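Trainee: Sharing a structure here in structure tokens format.
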């Protein structure tokens, strides 16, 4: 029993095997010794709550937040002891915040419940008792055989058993899982591929042993043990056999598969897990400010308590006769009384901590994140992709970036490969005018044309491809033809490219038809490099036709050749190569390999290695992507050994990856080099301009790529990452720690000696590993003094290590990583902000990123406009919230000096409750959503303005102290201005009476509401109709509410303290004079400071505002005038000169496609930038 309890609490989890055993069709052994493993059902549960646990679970989650818990404690203190304010003052705002959050989360969870019910209730067909049974998806059990028809979604993770194809293969699309739109081929084992009917499957006796569930979509290890005629046949299972839940069946009429993972154990469900939480610099500053204000709160409570007891200790200040202490008070413990009074003062001043700050910030981030997706400037028309926001918690972090780390291929480049050149057996060729010719002839010359290769007209444009007629040639030319033949055969066979049969109705069904003309073939591949190379081979006359029953078919000069595909040695980032083993028509066993020259050339023992290496370097200097091609021929005995090793590695359930790596290492050796290929990956549009803009903004750009040194440097120069005038330093080919350290010291000396010029650093993966191992500080010193850094030959984890090294450096800079492929996920998740490019290498980077965009050039708009605006908005929001709460509570503290620390409240309880909820909340919320202190086009055209907000400047201690001191000074003016103007002089009132406590407090509260609201108006640079509505509407609402609240006797209120108070206040001319005088006095200080700052020490942003205001139409007229009216033109000119701001002119309701930035109907909610013709 105790162990069960510990297991339920998670302290003693039950032992779980590393593998699971699945009996197909749930045919368990009948010997009675087998205990079936327990598996979960196939229900998907994405919801968090049930109808029974919603209230307690949601409350628990909300009160884990420090601010909510703090106000809960204050509320409980008010209930337990005699406090000066009603528990409603803390309880109602807390109830409002908790209720709004609970409703939002409850509604979202209700939507998740509906979605779950729809998915779990979907109809499926399962093979049971020799027939097909219709059931619901949630009823599928592990071991069930499921039938899926064309275009249906797989309801669980299935191991493919058979399909309507003879070879048992099928095509699926995983676009909903990883975003990859290309079709993927999945295969079944030969023994089950022939079982294409329900009756045949009912006779299958087989067991699957596989790993326990894991989230990696591309990793699966298992084996199938089939019993046939009392013999057991073992077949390996890999990712190519697993059909993932959420994927869709394509190009296949139907398949049968056995469920191996169900419900929340499917890979799709395991990927629901959220990424590690990232916290922005603004959030960290906000938490710091909360701690400071908590210290201020406790200090005020302690000071008030001490002063109270100090006063009571003096005999002359004893309690008056009408307020004598009770017997209980005189006999109670002084310590308990001190604690009680301290808690009472704590309750009295607790509103200095803004309860609504968290809710307002959440709403601002949530609503503000939509603007990125609505921005047409971030929409890519060709791919029909708009910007995506995967997390709204980091919007303001986009305005604080100091380092950008970017991948190259697919991020800076288009990832659209075009075959350009190749090297075959030491001879270099290039494509000129559709012909592959040796290097040297002019474009119009045909002399020297390769006799075997012929026309290079594009595959998609030719109805039929024929090679040029072979010329009569001597033996040397015949040998040359054979070498070229073998080279392009290797290119046509060593790949994972697939073919769809182009028909009038789209993708055809059925097996491949090798007699199709090339124009009827369409290649598609997950790697653009492979597609480009296979198409180039086809243009050269060696056409890959397709795969039929594990046979690769190639047309050579119109003659069909069949190669039996024996093994595929898949590509991985560690080996940086892939290989295939095929059996040629002649019966020879051949291995064809292709990969990076650093992984292929060391494995070669023959061929023109030296010449090819030179050609590869020449290709790289042109910025071309290179691959080397090699082959190996096996004897019968060698192949038996290779086949045995691969079988043992692939059927292993433990350490399969390590065993496969060892097997690949053993097999891929003693290669004969055939040549190398060079494909061009052109730069994306406006990459150079974007990188230059980032540099002007003070952001350092690092390029992290897996390409070789020469290719990476060439691309860095072409994209403007490196300048021609820049001094390029290199840390490459380091073999030892000592050599690496010495090279780093030399680089540091060179930078010190040539400190005037800019430096760029190139470092390769091997040298980087040595530098990070023992010489981090020295390496960082060199990097910090370089304007641009290029890291080549990088492994995915090395990219993440580099970013982490920068993150933990003493300066703690904000980092941003941008990439497009699965190998970029680690660095995207490591950086403070991760940007995924929705490119051609799937959607893994976009799915794991914080933001996703279609092109690198959109990064400038994302940072310089959205990031700038978001940071300005939320930084002002945070500072303003603390400012207005200091204004709110400080008069309460000052009032205690005049009421002898009796804990008498200055404000009415209703005003205490509604101050942050109703009277002052909307103006700052709208400001934080639509404020544009400068035109977006100016921000993009002047990247240097980005420097003004760097280093979290608006939330620095200096800025925090300014807002805090401003709040205290305004509070002193509120209190003492009211006290000296109307609080002491009875002649100011017509009836000869002094203001009472509630009238005095209401006067202070009225001045405060008006002042903090107009203060928000002074901070606003971009006025829309909704700004006017909430700003002036908040003040009007306060007056209407106060008249309504104080003008009626409310029967349900315990006291009528405010009855007729506000009406009496407004009836006094001296009160109106005091309100106007105090508001002007408070804001005059702020206006004077702004004027002097702009005249004496203007920032770059303020200079741009002034320049923009002078060059624009006087747009302040729109605040108070209709078009054509000019009563306020002179006021507008004066204010524009002083503070350099404007508001949009009268705007038509007609939307224009040329309108910049957002596409909203601007007459409803103007979220667009200030029109350049107006401001």
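Note that Cβ sites are derived from N, Cα and C of the backbone, with glycine treated the same way.
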Trainee: Looking at 823-843, 886-906, 1033-1053, 1096-1116, which one is transmembrane segment according to Swiss-Prot?
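Mentor: The listed stretch tagged transmembrane segment in Swiss-Prot is 1033-1053.
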Trainee: Between 784-804, 931-951, 994-1014, I'd like to know which one Swiss-Prot lists as transmembrane segment.
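Mentor: Feature transmembrane segment in Swiss-Prot: residues 994-1014.
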Trainee: Identify the transmembrane segment range according to Swiss-Prot, selecting from 742-762, 763-783, 910-930.
Mentor: 910-930
Trainee: Pick from 266-286, 287-307, 308-328: which range does Swiss-Prot record as transmembrane segment?
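Mentor: It is 287-307 that Swiss-Prot describes as transmembrane segment.
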Trainee: With a cut-off of 8 Å between Cβ atoms, can you find at least three pairs linking the transmembrane segment (338-358) to the transmembrane segment (963-983)? Only pairs 6 or more residues apart in sequence count.
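Mentor: By the criterion, they do not touch.
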Trainee: May I ask for the distance between residue 571 (ATP binding site) and residue 407 (active site, 4-aspartylphosphate intermediate), taken between their Cα atoms and rounded to an integer number of Å?
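Mentor: Answer for this pair: 20 Å between alpha carbons.
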Trainee: I'm trying to understand the geometry here, so how far is the Cα atom of residue 793 (ATP binding site) from the Cα atom of residue 824 (Mg(2+) binding site), in Å to the nearest whole number?
Mentor: 14
Trainee: For each of 793, 820, count the other CB atoms within 10 A of its CB; which of these binding-site residues has the top count?
Mentor: 820
Trainee: Let me spell it out: take the transmembrane segment (1060-1080), skip the flanking residues so only those 6+ beyond its ends count, and list any with a Cβ under 8 Å from a Cβ in it.
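Mentor: Residues packing against the transmembrane segment (1060-1080) from afar: 973-974, 977-978, 981-982, 988-990, 996, 998-999, 1002-1003, 1006-1007, 1010-1011, 1014, 1042-1043, 1045-1047.
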Trainee: How many neighbouring Cβ atoms, not counting its own, are there within 10 Å of the Cβ of residue 571 (ATP binding site)?
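Mentor: Residue 571 (ATP binding site): 17 neighbouring Cβ atoms within 10 Å.
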Trainee: Whole-number Å distance between the CA of residue 823 (ATP binding site) and the CA of residue 407 (active site, 4-aspartylphosphate intermediate)?
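Mentor: Rounded to the nearest whole number, the Cα-Cα distance is 9 Å.
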Trainee: By a Cβ-Cβ criterion of under 8 Å, what residues six or more beyond either terminus of the transmembrane segment (287-307) are in contact with it?
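Mentor: For the transmembrane segment (287-307), the list is 66-67, 338, 341-342, 345-346, 348-350, 352-353, 878, 882, 885, 893, 896-897, 901, 960.
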Trainee: Do any residues, 6 or more residues outside the transmembrane segment (963-983), come within under 8 Å Cβ-to-Cβ of it, and if so which ones?
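Mentor: The answer is 879-880, 882-891, 894-895, 898, 989, 994-995, 1000, 1003-1004, 1007-1008, 1011-1012, 1068, 1070-1071, 1073-1074, 1077-1078, 1081-1082, 1085-1086.
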Trainee: Given the recorded positions 407, 625, 706, which lie within 10 A of residue 820 (Mg(2+) binding site) by CA-CA distance?
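Mentor: Within 10 Å of residue 820 (Mg(2+) binding site): 407.
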Trainee: Helix, strand or coil by DSSP: which one applies to residue 820 (Mg(2+) binding site)?
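Mentor: Looking at the DSSP assignment, residue 820 (Mg(2+) binding site) belongs to neither helix nor strand, so coil.
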Trainee: Please identify, among the recorded positions 407, 409, 824, the one with the smallest Cα-Cα distance to residue 625 (ATP binding site).
Mentor: 409
